[in-house]
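S.K.: Dumping what Swiss-Prot says about this protein:
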{"type": "TRANSMEM", "residues": "26-46", "note": "transmembrane segment"}
{"type": "TRANSMEM", "residues": "88-108", "note": "transmembrane segment"}
{"type": "TRANSMEM", "residues": "130-150", "note": "transmembrane segment"}
{"type": "TRANSMEM", "residues": "154-174", "note": "transmembrane segment"}
{"type": "TRANSMEM", "residues": "184-204", "note": "transmembrane segment"}
{"type": "TRANSMEM", "residues": "227-247", "note": "transmembrane segment"}
{"type": "TRANSMEM", "residues": "265-285", "note": "transmembrane segment"}
{"type": "TRANSMEM", "residues": "297-317", "note": "transmembrane segment"}
{"type": "TRANSMEM", "residues": "335-355", "note": "transmembrane segment"}
{"type": "TRANSMEM", "residues": "396-416", "note": "transmembrane segment"}
{"type": "TRANSMEM", "residues": "425-445", "note": "transmembrane segment"}
{"type": "TRANSMEM", "residues": "455-475", "note": "transmembrane segment"}
Amino acid sequence: MPSLFRASLLFSLGILLSRIFGYVRDATVAYYFGASAVSDAFFIAFRIPNAFRRIFGEGGFNAVFIPFYGEAVKQNREEEFLRKTFGLLITFSLSVVIIGLLFPEEIISVISPGIKEKETFSYAVEFLKFTILYLPLVSFYAYSMAILLVQGKFFVPSVSQTLFNLGFILSLVILFHTLGHYSLALAVLIGGLFQIIPNTFLLFKEKLLKIPKFSLDREIKTFLKKFLFTLGGFSANQLSLFVDTFLASFLKVGSISYVYYAARIYLLPISLFSISLSNTLLALVSTKKDKEKDTDTALKLTLMLSIPSSFGLFFLSREIVSVLYKRGNFSEEDLFYTSGLLSLYAFSVPFYSLQHILKTVYYSKKNVEIPTKSAFLSVFLEALFGSVFIFLLNFGVYSFPLAALISSSSVLVYLYQKLPQKVSIPFGNLIKYLIASSFMGGLVYLTESLTQNPFILVSFIPIYALFYYVFLIILREELAILISYGIFRRGKILQRESN
């Protein structure tokens with residue numbers, strides 16, 4: 001257990017560093033390009049290689065590769081398997097690169113048909129010719145990360161993504177004044193090279209860097225089939241991003257950037273709280289008999305964290321966007337639309353967070369069918385309602401958070417209804433979380449009437465969180481009391497040990 005905890009801690013630390021530098025990367029793009037035709041074009045062109053990066057990073061490749069690799073190690077076929085899978089990845093990535101280089105205009109037209117008559121289209125076509133070259137780099141990153149994880153190397157693979165962001169930021173800052181918008185495309189490639197350097201060094205050091213072998217024998221065919229099947233579930237979330245890009249291309253210039261900037265912020269509490277909770281829950285319910293108790297606790301804890309996060313994003317949307325992005329070429333109009341989107345996206349945070357917990361219940365029972373169906377249902381609903389809101393009701397860019405709210409709540413109901421054993425809904429706790437969050441929102445509103453400085457208001461977030469937590473204790477909410485008891489008890493123990 002200590003080794004598991006240490007490995008999880010190291011991996012989480014690497015991911016946290018990557019998140020921090022990821023936001024610095026976005027802020028740098030916003031500084032130089034704001035929400036413009038150039039930024040829209042870049043986010044469109046980077047969508048394809050970035051989708052593969054996220055699929056690989058979220059475990060789509062690891063989920064298949066690691067069991068096969070582990071079996072090959074046991075049978076002393078490690079080198080042969082590594083050579084064949086390396087060859088497969090090279091073939092796959094280079095095939096996609098060739099298609100991207102031969103048909104860039106057609107690909108951009110399919111992804112974002114609404115920009116064909118706009119200046120954005122020519123920029124996107126130019127960018128794609130560069131960004132598609134990132135795919136072999138990210139494929140090698142996924143391959144090397146999977147090998148190193150099996151070898152017990154956790155921190156370096158997780159921190160490699162940070163090096164991508166760091167390389168991207170430095171390249172953009174250094175090259176912008178010389179190359180202009182082309183600095184964005186080159187920053188992706190330089191960041192990709194930064195990303196694979198530490199993994200390559202470790203593979204070479206451990207003598208695990210093999211010469212690729214191009215083979216399509218029975219083992220590789222089985223591996224490929226399982227990978228493509230697994231890819232379906234992991235790619236559904238990325239398909240949702242393509243749907244958003246497709247629909248946003250029909251709106252005013254800058255809309256794709258508005259959606260991107262806002263989504264990056266509202267997804268943060270979901271990834272920090274619910275994903276980490278769901279991973280922990282999966283480990284617990286897979287080994288313990290008292291699964292219902294752990295699931296109930298996870299649901300309460302998810303609500304306890306996601307509801308105030310939702311309130312905070314709603315009340316502080318303008319201030320948060322201002323602190324993160326409002327500088328350089330990020331205009332007042334960009335701030336208006338991005339913060340407006342964020343305030344609406346905030347309502348979806350609890351629904352998406354709870355989805356992760358319920359999906360974990362299915363995974364613990366080895367049921368991948370329902371979570372996969374729910375992911376594609378989510379894409380369908382977002383596409384349906386997004387189209388209705390944009391083309392029939394003319395809601396413009398605000399169509400996306402409204403469609404996300406309907407989709408996320410509907411999918412949550414679907415996941416709950418399909419549970420073989422219903423988990424109890426903690427209505428009593430829910431009411432307390434809503435009351436405490438409302439009073440926290442009142443405190444935010446009060447401080448906003450005293451100062452309009454966004455940096456001061458955002459710096460008060462820990463105070464708002466503490467106020468919410470204390471209010472829960474006043475309401476006698478059991479989880480808050482247990483947490484406070486644990487903190488107080490640990491403090492007493494440490495005090496006795498120091499004496």
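Note that Cβ sites are derived from N, Cα and C of the backbone, with glycine treated the same way.
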S.K.: Could you tell me whether the transmembrane segment (154-174) and the transmembrane segment (297-317) are in contact, taking contact to mean 3+ Cβ pairs under 8 Å with a sequence separation of 6 or more?
M.R.: no
S.K.: Can you say which of 154-174, 184-204, 335-355, 396-416, 425-445 has the most Cβ pairs under 8 Å with the transmembrane segment (455-475)?
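M.R.: Between the stretches 154-174, 184-204, 335-355, 396-416, 425-445, 425-445 has the largest tally.
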S.K.: Hey, which of 88-108, 130-150, 154-174, 396-416, 425-445 has the most Cβ-Cβ pairs under 8 Å against the transmembrane segment (335-355)?
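M.R.: The stretch with the most close Cβ contacts to the transmembrane segment (335-355) is 396-416.
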S.K.: Can you work out which residues elsewhere in the same chain, 6+ from the ends of the transmembrane segment (130-150), have a Cβ less than 8 Å from its Cβ atoms?
M.R.: 45-46, 48-49, 52-53, 56-57, 61-62, 65-66, 69-70, 73, 82, 85-86, 89-90, 92-94, 96-97, 100-101, 104, 156-157, 160, 182, 185-186, 188-189, 192-193, 195-196, 199-200, 202-203, 208
S.K.: So which residues does the transmembrane segment (425-445) touch in its own chain, when a touch means Cβ under 8 Å and the partner is 6 or more beyond its ends?
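M.R.: Apart from its flanks, the transmembrane segment (425-445) reaches 296, 299-300, 303-304, 307-308, 310-312, 314-316, 457, 460, 464-465, 467-468, 471-472, 475, 477-479.
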S.K.: What else in the chain is close to the transmembrane segment (184-204), if you only count residues 6 or more beyond its ends and a Cβ gap under 8 Å?
M.R.: 29, 33, 38, 42, 45-46, 49, 126-127, 129-131, 133-134, 137-138, 140-141, 144-145, 147-148, 153, 156-157, 159-161, 163-172, 175
